[in-house]
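A short write-up of the structure that comes next.
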Amino acid sequence: MEYMSTGSDEKEEIDLLINHLNVSEVLDIMENLYASEEPAVYEPSLMTMCPDSNQNKEHSESLLRSGQEVPWLSSVRYGTVEDLLAFANHISNTTKHFYRCRPQESGILLNMVISPQNGRYQIDSDVLLVPWKLTYRSIGSGFVPRGAFGKVYLAQDMKTKKRMACKLIPVDQFKPSDVEIQACFRHENIAELYGAVLWGDTVHLFMEAGEGGSVLEKLESCGPMREFEIIWVTKHVLKGLDFLHSKKVIHHDIKPSNIVFMSTKAVLVDFGLSVQMTEDVYLPKDLRGTEIYMSPEVILCRGHSTKADIYSLGATLIHMQTGTPPWVKRYPRSAYPSYLYIIHKQAPPLEDIAGDCSPGMRELIEAALERNPNHRPKAADLLKHEALNPPREDQPRCQSLDSALFDRKRLLSRKELELPENIADSSCTGSTEESEVLRRQRSLYIDLGALAGYFNIVRGPPTLEYG
């Protein structure tokens, strides 16, 4: 995530206000406010045209000049996956300049949780868009969060009341791959794509929202995760990867910010770098992924397979158990702006595995980080690993985050007088006065308490890392 300074006093005041708003209350207020007002008009940003000689571009532009309707661009409607992919290919093959001439929004919807009205789906009248509340970081009011590929908003359909994540991508940066994988492959551990709508020169992707934030947000706010929490997350991630890999899909960007908490599961997000292999080995034309989690074979760019995701998961496990990505402690970012050479020469980062890691979990991480991809286990094999299937007596009583929250609420009710007054706040502050032992003893029960409305630690879906 990047932060861009605006230097505007007015913007500072707005950001400061947003940081203290309750998103649920804002949505309720705005819903009542706009009920009797005229729909707001969406103003597309003015962007310069990028000339292109692509034949599809020329065809679309000639139709626009002649005043004829272009397929997929006449309205917002329900459709099939094939319709959505055709829509995505069409808008990615037409220069953004011509979308400024469109009289209204257009798009394809896959799920009826989004309810267009007479072929229209307008901001503020049909759907509300609210910036994510920044719940974890105190970054100062002079900064605006900005993701690498687009901004993400909390969206609520005014008719169905469904709350969603809405990712905004400038049309000149939009690629069909941004929707292909989520549209074509449905699984409980993959964030569901509800549809895509083009407003002006910005594509809006509506998808399933995670109530509990991302793994990265939890790590940055509350420190390292306990091993049973890691087991819970890892099993859900591996189920998603097992499904993707069975379809020969490489995610290419497994990392904490792309794993998002739901109340009863964890899901994978951000498939913009994903590819579906046609052969046993994928030969890349570019470097894909986040380098700190990249496998050695990905860095070499000589071909890799779905096993690259397994290595990235191993690096992610180190991050979850230590609170720090691999390599960073031994090679500070200030001295090493790139880790590609280090990974190429020294991988795997076994020295970064937590000192208090159990033997079983250490064995699993070492297997996932095997340098030779041919010796690296598949997702299905790791799901059977004993580290992820401890004896019943060693497992926590909770089988989901919701049941965990209920158990924790009862415990806190009984021992309320014994708890420090600032326990909820301290779990988010990351105070240096606390010992590492106490930080690791905290569990997802408290950290994700807001899922059931018990605490105010995590509020709503993930921020800009959601993808």
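The backbone N, Cα and C atoms fix where each Cβ goes, and this holds for glycine too.
Source: prediction; values computed, not measured.
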Swiss-Prot annotates one residue of SER75, SER138, SER305 as phosphoserine; which residue is it? SER138
Run through SER92, SER141, SER221, SER413 and tell me the one Swiss-Prot describes as phosphoserine. SER141
List the recorded positions among THR80, VAL152, THR290 whose C-alpha is within 10 Å of the C-alpha of ASP253 (active site, proton acceptor), in sequence order, or say none. THR290
Cα-Cα, whole number of Å: THR290 (phosphothreonine) versus THR80 (phosphothreonine)? 32
Counting across all protein chains, other CB atoms within 10 angstroms of the CB of THR80 (phosphothreonine) number 11
Candidates VAL152, ASP253, THR290: member of the recorded positions with the richest Cβ shell (10 Å): VAL152
Rounded Cα separation (Å) that holds between VAL152 (ATP binding site) and THR80 (phosphothreonine): 24
